[in-house]
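Feature annotations, reproduced from TrEMBL:
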| type | residues | note |
| --- | --- | --- |
| COMPBIAS | 213-227 | compositional bias 'Low complexity' |
| DOMAIN | 34-154 | domain 'Piezo transmembrane helical unit' |
| DOMAIN | 311-548 | domain 'Piezo THU9 and anchor' |
| DOMAIN | 663-833 | domain 'Piezo non-specific cation channel cap' |
| REGION | 155-180 | region 'Disordered' |
| REGION | 208-231 | region 'Disordered' |
| TRANSMEM | 14-32 | transmembrane segment |
| TRANSMEM | 39-66 | transmembrane segment |
| TRANSMEM | 78-96 | transmembrane segment |
| TRANSMEM | 313-336 | transmembrane segment |
| TRANSMEM | 356-375 | transmembrane segment |
| TRANSMEM | 384-406 | transmembrane segment |
| TRANSMEM | 418-438 | transmembrane segment |
| TRANSMEM | 450-466 | transmembrane segment |
| TRANSMEM | 486-505 | transmembrane segment |
| TRANSMEM | 526-550 | transmembrane segment |
| TRANSMEM | 746-769 | transmembrane segment |
Amino acid sequence: RMFHDDELEESEKFYVGQPRVLLLIYALYNTLVARSEMVCYFVIILNHMISASMITLVLPILIFLWAMLSVPRPSKRFWMTAIVYTEVAIVIKYFFQFGFFPWNKHVDYTKDKPYHPPNIIGIEKKEGYVHYDLVQLLALFFHRSILKCHGLWDEDEKGDSSSNKEDTDDELSLTGGRRDSSASLKSVNLAASVESIHVHFPEQQAAIRRKSSSSISQLSHRSSFSSHRSKRGKSIRIKDWCLCSPVKAVRVDLRSFKNINHTTLSLYFLQCKLCAIKSHCGLCCFRTLQVYMPIRQFFYNLIHPDYSAVTDVYVLMFLADTVDFIIIVFGFWAFGKHSAAADITSSLSEDQVPEAFLVMVLIQFGTMVVDRALYLKKTVMGKVIFQVILVFGIHFWMFFILPGVTERKFSQNTVAQLWYFVKCVYFGLSAYQIRCGYPTRVLGNFLTKSYNYVNLFLFQGFRLVPFLTELRAVMDWVWTDTTLSLSSWICVEDIYAHIFILKCWRESEKRYPQPRGQKKKKVVKYGMGGMIIVLLICIVWFPLLFMSLIKSVAGITNKPLDVSITITLGGYQPIFTMSAQQNQLKSLDPNEFNEFLRSYRGNTAALQFLEGYAREDITRADLEGNSNSLWTISPPSRKKMIQGLQDFEADFTLVISWTIQRTLEEVYPYYIKAPSDSLAKPIKQLLKGMSPDHGKQCMWENITVSLVKNASEEWWVLNQLGKRQKTPQESLELFIFSDKVSPPSLGFLAGYGIMGLYASVVLVIGKFVREFFSGISHSIMFEELPNVDRILKLCTDIFLVRETGELELEEDLYAKLIFLYRSPETMIKWTREKT
């Protein structure tokens, strides 16, 4: 070995010999040290999620618009800003905890008000007001110590001091890789007096540092740099004195103006004019330029970097947006007013679309479409603008508008906190994408990078999502430079998807070869075939199984709250009206229920009906025999009704509230079934059973009807003869069998019934299954391809030449692909196994 040290070997042996728990702790600590800046970001965001105030709002915005966009890492100025700001925030919060402030005298009344000014600012009095700020300060100091240990804390200052010693002409002669046209003014350093201005162009110093520290150096830049250095010795410095002030002057190298754009020159001469004016307005403009120019130069260098480590994190951003989309769908009630107990399934089953749900879904979907457009156009400037708008818009909406809509603080809205945290992950990935730059080529779907079962099933699942494949194809065609028409584009995408699926199957056959002449293994036959058999059986019998279990297992007992009886004789005014509520509705005890079952022991139809009901599903209603309303019939109608009752040969009907007409004998339905709908029905299986009194067959119970007169008032009294609960007073007894109802979350599916489920689920799924098993003979020439590598490479070449701008070659390759699918002989030659 080239290097040997006994102490290092002993140290390594000692480290390896430690317990695994201790090694895990070491690994976690090393991870914490390696990603200490991510720990700081996480603590700052967590502090803002819990506090949700204007004081804690500043640092998260600075993270997404400054720290994460800095190349190669956040500067010392940012960390010092975060440390000082956290310390000042702690002092401010501590100062406003004293009780002599007016808003601290009614803390219990105002602590939950989202728009109370102290709550918005973050100076309200509360327990543990500074805990998370102290943890945040501790994380910042920890990160500062890590940077100091690695010599990165003062790196920026050393770089500035060393680069200032170099010759300015070398710095001005450099041009960046993506900054081809011009350089621009980065900062304006003003002296204490307005009378002298020194204009510097130190952005090229940053270019030198980034070039020296970057691992992606390019030879073209080195040659350009050496050529400019060779020209430096021959050039003659030409100076001009621009008399902007009678006392002082500004010295400018006119040769450097060749590398400065028109905007920078305009700003420079504007500064000269303001210097000549020497007014208060000029000072204000100078101060504004001191703030504006560094910010402008920061974003300019971000959009036009000298070097870019191209990366592609669009998939991760899309997954973060998808998670946010799912949170909105299943937790939409957290973004609306008075909807804390809402359920999206019950709302949609009632054909109601909540406004909060609709707005959130449209906004989330719109941002995903815009992000896809920026990704396809590869415009970093658009992504920067979109990032700034999203950061300010999301934070303003989440912490200033949403609390007013939901009437509760953001810190009390768990779903909104989860949505915001996932959105912060998206902001971090988006900033990383901006800092590294978009990839120069976007080739195919991210799921088609490997040829295995995982990618195969994920890709097929992706294509099964309704309208997702079509929407992606149309968006790609709109925002990608191409000469193909939309139909041709979709044709290429479909061929590529089909060839990719075939490639995955061919690769799987190579990994798990099947020798010739051997039968299939039982593991494959029973594994795949058995799974398909079970799946098909479940689909066929799903409606019956679902309707059976939804009410018997997951059903909810729906006991009646009111039982009303109304009886009318011959269409005249009702003679009896009575209702039973609360304590008049009683459940059967176990002994009564067992006795009830024994009374129908010999009746098969009744026992079959009773198997579907438990004891808690039966309710006994005790209705008082005296009508609760007076009988106010007119004398002519009364006389006519008496005549009808005295005529025994004529039919005289009895009308009950559930529209069943019977004669007075055997008229009262003893048992009523209350199904899930509103129509109550008599139970014929039980009404045909044995009478508990006299043991003979009966269909209905007999009741007595008598008219009671008291002075000028009269009312009807009804009494049931065969009652199970023997009572001396006149009364009616009624047994109600309540059907279980499906849970509210599944009511929209159970409402279709068995035939509806068969028509909407089984037949639709059966159509797709039939397409898989039939029509195979028509696609043999496109399915049975032994080797698809050449066709797959042809599709990839079409994507490649499209990204490089060779649009004529794209047309030629597309014509070649179409000819290949039109010629079976050529397809056979192209798909032969390589020899």
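Glycine residues also receive a Cβ, built from the backbone N, Cα and C atoms like all the rest.
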The transmembrane segment (450-466) touching the transmembrane segment (418-438) per 3+ Cβ pairs under 8 Å rule: no
Distal contacts, the transmembrane segment (356-375) - CB-CB under 8 A, six or more residues away: 314, 317-318, 321, 324-325, 328-329, 332-333, 335-337, 339, 344, 347, 382-383, 386, 390, 405, 438, 442, 472, 475, 478-479
Same-chain residue ranges lying at least 6 outside the transmembrane segment (39-66) that approach it to Cβ under 8 Å: 32, 74, 78, 81-82, 85-86, 89, 92-93, 119-123, 132-133, 135-136, 139-140, 142-143, 298, 387-388, 391-392, 395, 399, 409-411, 417, 420-421, 424, 427-428, 431
Cβ-Cβ under 8 Å with the transmembrane segment (486-505): same-chain residues at least 6 beyond its ends: 444, 448, 451-453, 455-456, 459-460, 463, 469, 473-474, 476-477, 782-783, 785, 788-789, 791-792, 795, 798, 814, 817-818, 821
Considering the transmembrane segment (313-336), which listed stretch of 14-32, 384-406, 450-466 counts the most C-beta pairs under 8 Å: 384-406
Intrachain residues whose Cβ lies under 8 Å of the transmembrane segment (384-406), provided they are six or more past its termini: 52, 57, 60-61, 64-65, 114-115, 120, 299, 302-303, 334-337, 356, 367, 370-371, 374, 413, 416, 420, 423, 427, 430-431, 434
Average model confidence [pLDDT] within the domain 'Piezo THU9 and anchor' (311-548): 85
